[in-house]
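Read through the structure below, which is laid out as structure tokens, and then see the notes.
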Amino acid sequence: MAGADGDDSLYPIAVLIDELRNEDVQLRLNSIKKLSTIALALGVERTRTELLPFLTDTIYDEDEVLLALAEQLGNFTMLVGGPEYVHCLLPPLESLATVEETVVRDKAVESLRKISQEHSPVDLEVHFEPLVKRLASGDWFTSRTSACGLFSVCYPRVSSTVKAEIRQHFRTLCSDDTPMVRRAAASKLGEFAKVLELDYVKSDIISLFTALASDEQDSVRLLAVEACVSIATLLPQEDLETLVMPTLRQAAEDKSWRVRYMVADKFSELQKAVGPEITKNDLVPAFQNLLKDCEAEVRAAAANKVKEFCENLPEDSREQIIMTHILPCVKELVSDTNQHVKSALASVIMGLSTILGKDNTIEHLLPLFLAQLKDECPEVRLNIISNLDCVNEVIGIRQLSQSLLPAIVELAEDAKWRVRLAIIEYMPLLAGQLGVEFFDEKLNTLCMAWLIDHVYAIREAATCNLMKLVEKFGAEWAQNTIVPKVLGMANDPNYLHRMTTLFCINALSEACGQDITTKQMLPVVLKMSNDQVANVRFNVAKSLQKIGPVLDSNALQTEVKPVLEKLATDTDMDVKYFAQEAISGKHFCLPLHSHCSVPRVYVHYLAPRVTLAQTLSIRWFNKLFNLLSFLLNLPSDCSLSLRHWCGSPEK
């Protein structure tokens, strides 16, 4: 029996092993993902002698299977017996590093880099370094590209003789006939430079960097720009001008826009790497040229770095450089023909105000902000609006309101609803900075106008905006300023606006407190229970349930409950449904009729509104239960209880 039990416990493992050979790709993939389970069942000895050779011999599978295998093998060290036997994982990973699919090779290289750290220095030279050499001298370009990612992980831990061989292999790959190999070498040049001794960086890496930066393929040259950042951080300041800057100047004026784009994208990092003196002498003119580049992609990348570049300028000459060299270019970009350039600039230009100070901001930057606030591109306007707080910190809210507020008011009535939405979302912050009096004078009317916008998202955001304003300015302000206007909308001819009144009451009741809710809001809600539109009436039921926690028990029993009982007998099924839901809430306790044996379940309303699709679903739901009531000869009041019972999560 014990033997049988043992066989039974190993049966799932046998199934997984069989699935490794299955013709179905999905089954093989599932089995590969559970490879650690198989290895645990087999034990470290059989994993090394049987499973790994089997996996090595069968690497001709689908890419998804090979990708999963490459990932699994990176975590296999303990499953083969620990660091002492980790070299057993090299053969299958070496094979995976030579396959044609890039993602599989990259994952195999990632796993090889991971397990290289678990090799002892001796094993690294005996097992890992020969693997790197085989890949570096492989016939097919795939193995040579994989080798480029392995030099840096083994170089620091090998002997001087082996280090010389590794450097030679890397030099060979940097001048490989295949562009893909040179690209791989260029992408790892900076990483390899970081582990080399400084003398070899100067003698070997600089020459390779110069060659790759002058490569005939622009895809190689742009990767050399990335390496430039790493190399510049390694060299002493006195060597940068002679060893790095000629190549960097060449890259900044490269004939390919992709290379210039890469320079612009990495400009802040390059600026930090080369230091303040070279920045003033070389990088400022280069940055000006990138801001004026003929390609929009390059201008956009450079514009995105304006704030960061200016922040990193030397303090003693920062303002002079910005005003003389950078700001004229920025003024041109404000009216650029490409919207992506203008949008990139708008996302950072507000940050210049903290660098230039109040006077320069008012004189030079405010006109640019105004121009961008009125730009035809919505994204440009949005980026300016989203960063107003930067300017407010420098020039103060009064100056900001006098210069930018008219433009903001204009945007609040923009034809694009997303622009209006952005203004609404910024309004609580702006209101807090302006203060109550200024807000009431300039922006109150605007906030109320949003409540009757033709776009629901705007009305919804405006309701949330009012709640935040009440939390900021207090219940007394709401009672005098907001509540009367909101309640006045209850008599609006448009039923959507009357529903907005209910939504506002839902949002404001808690912030305003029990007294205002009971004396001012509740009578309006109760009056709206007689509305001719069913949508308004069932939203009255929802509102009564929503504001219930704020009301006292006397108001609930004497005023709210009779209205809900009346709505529960409404001719519209939706009104009856939501009224009954409100009655079934924890604030009310209406008993069901004694002859109805169906248990009552408390169903709480969660959503603030019902979509058209939900409303239609409710109507069909009601019709179905009316039919069931008729077929089962149930009393009409039991059908409603039956609907609650069957509609509950438990049933």
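The backbone N, Cα and C atoms fix where each Cβ goes, glycine too.
Quick caveat, the model's predicted, so the values are computed rather than measured.
Listed in TrEMBL for this protein:
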REPEAT    12-50  repeat 'HEAT'
REPEAT    89-127  repeat 'HEAT'
DOMAIN    89-270  domain 'Phosphatase 2A Regulatory Subunit A helical'
REPEAT    166-204  repeat 'HEAT'
REPEAT    205-243  repeat 'HEAT'
REPEAT    244-282  repeat 'HEAT'
REPEAT    283-320  repeat 'HEAT'
REPEAT    326-364  repeat 'HEAT'
REPEAT    365-403  repeat 'HEAT'
REPEAT    404-442  repeat 'HEAT'
REPEAT    482-520  repeat 'HEAT'
REPEAT    521-559  repeat 'HEAT'
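Confidence annotation: the repeat 'HEAT' (283-320) carries a mean pLDDT of 92 in the model. Beyond its flanks by at least six residues, the repeat 'HEAT' (326-364) meets 284, 287-288, 291-292, 296-297, 299-301, 303-311, 318-319, 371-372, 375, 377, 379-381, 383-384, 387-388, 390-391, 393-395, 399, 403 of its own chain at Cβ-Cβ distances under 8 Å. Residues 248-249, 252-253, 257, 260-261, 263-265, 267-268, 270-272, 274, 276, 326, 329-330, 332-333, 336-338, 340-341, 343-345, 347-349, 351-352, 355-357, 360 of the same chain sit 6 or more residues outside the repeat 'HEAT' (283-320) yet have a Cβ under 8 Å from a Cβ within it.
Secondary structure by DSSP for the repeat 'HEAT' (205-243): 33 helix, 0 strand, 6 coil. According to DSSP, the repeat 'HEAT' (326-364) comprises 33 helix, 0 strand, 6 coil. Under DSSP, the residues of the repeat 'HEAT' (166-204) split into helix, strand and coil as follows: 32 helix, 0 strand, 7 coil.
Here the repeat 'HEAT' (283-320) has, by DSSP, the following mix of helix, strand and coil residues: 29 helix, 0 strand, 9 coil.
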